[in-house]
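The ATP binding site annotation in TrEMBL covers 100, 101, 102, 113, 114, 115, 168, 229, 238, 247, 248. Among the features that TrEMBL reports, Mg(2+) 2 binding site is placed at 113, 115, 168. The compositional bias 'Polar residues' annotation in TrEMBL covers 509-518, 568-602. For 550-562, the entry in TrEMBL reads compositional bias 'Basic and acidic residues'. As annotated by TrEMBL, domain 'Poly(A) polymerase nucleotidyltransferase' applies to 21-215.
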């Protein structure tokens with residue numbers, strides 16, 4: 001870690017005044033005394049948070065990389081001999097290991113994996129030589145643990161632990177008979193006579209090299225990126241596989257901010273990051289340099305020519321040829337979540353600059369289980385831990401498809417917030433884990449009272465697509481259920497204790513209407529969420545008495561509750577409901593989503609028509625009473641030309657909870673959510689009664 005003061009003198013150097021990126025910088029201003037102090041405090045916070053590895057672990061990583069490099073060299077020599085080449089050719093044969101990702105960028109932390117790329121000669125293919133011969137060599141080594149090959153991934157990879165260090169090993173066969181030790185894979189010549197899969201394998205290393213060359217100050221870039229990655233993980237927006245941003249995406253965004261403020265130090269860059277991307281007008285792309293079109297013929301990101309590229313919501317273009325959108329996984333819902341988090345981070349940085357808060361406040365964990373009233377719970381089960389590790393990876397990679405399908409089938413009216421954290425109930429005997437998604441209606445759109453979002457068919461389609469797993473084994477299954485905030489299982493909370501929400505949080509999120517009992521997914525001989533069911537049963541009598549008391553003391557309120565009185569709920573009839581016919585729904589699938597074709601999976605119980613419960617909310621207005629705090633005035637007026645829109649960033653206020661975009665009053669309407677809870681395979685099917693949730697999904701989520 002290099003202190004910020006060490007580079008202050010570089011602000012006036014000729015190198016710092018040259019243009020980086022495709023536009024001129026917004027500001028060339030250097031740090032003030034208070035900026036230097038804040039940078040020192042930020043770096044001290046990052047150290048205290050444990051984001052830097054020890055010298056011993058760093059030395060171990062170097063030793064492991066040296067050993068892996070020797071292993072692949074031995075592998076190529078053995079392969080060359082088996083293919084009948086001369087002894088001279090065997091002696092000269094070579095393979096080389098490159099690193100990329102957080103390790104190559106210098107922002108890895110303790111316990112982080114190392115992304116590696118093995119570059120081999122043209123006669124060493126991936127399918128047989130890499131995934132079979134090299135795999136078998138590694139399997140015989142005592143230092144190697146948890147060896148797993150993933151040949152059918154978008155970028156095929158071999159995963160394993162070597163002396164306790166997690167390794168992701170990719171392979172690329174280049175058009176060379178002998179791979180030189182000084183091979184420069186940043187040159188376009190390395191792409192001659194290779195296929196697109198090889199280009200994708202090479203892309204990680206090539207992008208990292210370009211990033212380090214295109215930023216004004218590498219040390220400031222590294223500190224800022226380390227900070228932003230930590231922030232993204234704490235706020236639940238760090239996951240490429242679930243539709244947020246991964247490591248390379250955050251690196252490209254931070255690099256662009258470094259280009260726009262070439263003389264800024266980390267504390268300034270963090271603040272400017274939120275300021276820039278709070279105002280960025282997506283889907284205008286983020287690019288570190290102009291997109292190059294070489295004669296090699298590989299497709300590059302170009303929405304003018306490629307209709308698929310026009311569907312991307314948050315394009316972040318890689319700087320190495322061929323330029324690709326590294327964030328094609330982002331959906332409408334995940335972009336909304338990230339935009340809200342950028343706005344929150346921007347306000348927090350303003351408070352830090354005005355000495356109203358410290359850096360630790362910026363990294364407060366996101367209260368996901370307090371932010372929504374409705375959630376989808378996805379339980380993943382398997383026969384043993386090894387099967388669960390493989391099955392979980394596959395299901396997690398498909399969760400983004402569930403988000404896209406819900407957006408498609410509800411025409412964007414029901415928004416999803418997938419949370420990229422897995423939770424495990426250690427009290428259960430069978431191997432399992434769970435993921436959660438927050439649900440809310442689209443903000444700012446009036447919905448007819450009583451309108452239902454029936455996503456049972458959507459979940460059915462999702463289960464079928466997940467069931468197409470090539471390496472499926474008996475015992476692997478998933479169960480999707482709708483849970484309300486008060487029914488969230490206790491094991492998701494720290495130390496298994498549900499945090500009591502503060503009055504402010506309760507006011508923001510709103511009151512939850514009385515709920516009926518919900519069935520919980522079963523696993524082996526036990527039930528998930530038994531504690532929640534007991535809690536609901538214990539409180540049901542108290543809630544009924546309170547409702548009855550309110551009805552007798554207030555005639556006006558009793559009239560409003562007449563439609564949902566306990567007697568009406570009891571008299572409601574149940575009937576079997578078919579899964580909705582979805583053939584008439586318009587297809588709004590993202591270009592990255594491929595159609596799924598498979599036979600239906602077994603193990604579904606009968607679907608009972610849900611009972612409508614809960615209060616009918618009265619139409620009300622939320623007035624725009626709060627005012628945004630006056631922003632800190634800076635000594636130098638900063639230009640925002642050509643940022644995010646091609647013309648300039650425009651001032652935009654941060655939308656607070658309960659405010660309409662135009663400052664006018666907004667009516668909150670109610671919705672119904674219908675969900676099914678499929679029964680486990682091998683368990684006797686039973687009728688599952690799921691009440692329709694009818695609450696006001698306020699804009700405070």
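Heads up, the Cβ atoms here are built off N, Cα and C, so glycines get one too.
Small disclaimer: the values here were computed from a predicted structure and weren't measured.
Features recorded in TrEMBL, as mapped to the structure shown.
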residue : record                : Cβ within 10 Å
100     : ATP binding site      : 24
102     : ATP binding site      : 22
113     : Mg(2+) 2 binding site : 15
114     : ATP binding site      : 22
115     : Mg(2+) 2 binding site : 24
168     : ATP binding site      : 18
238     : ATP binding site      : 21
248     : ATP binding site      : 23
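A Cβ within 8 Å of the Cβ centre of 113, 115, 168, the residues given for Mg(2+) 2, is found for these other residues of the same chain: 101, 103, 114, 116, 159, 166, 167, 169. Among the residues 100, 101, 102, 113, 114, 115, 168, 229, 238, 247, 248 said to bind ATP, no two Cα atoms are farther apart than 20 Å. In terms of Cα distance, the binding-site residues that sit within 10 Å of residue 115 (Mg(2+) 2 binding site) are 100, 102, 168, chosen from 100, 102, 168, 238, 248. The CA atom of residue 113 (Mg(2+) 2 binding site) is located 14 Å away from the CA atom of residue 248 (ATP binding site).
Here the domain 'Poly(A) polymerase nucleotidyltransferase' (21-215) returns a mean pLDDT of 94 for the predicted model.
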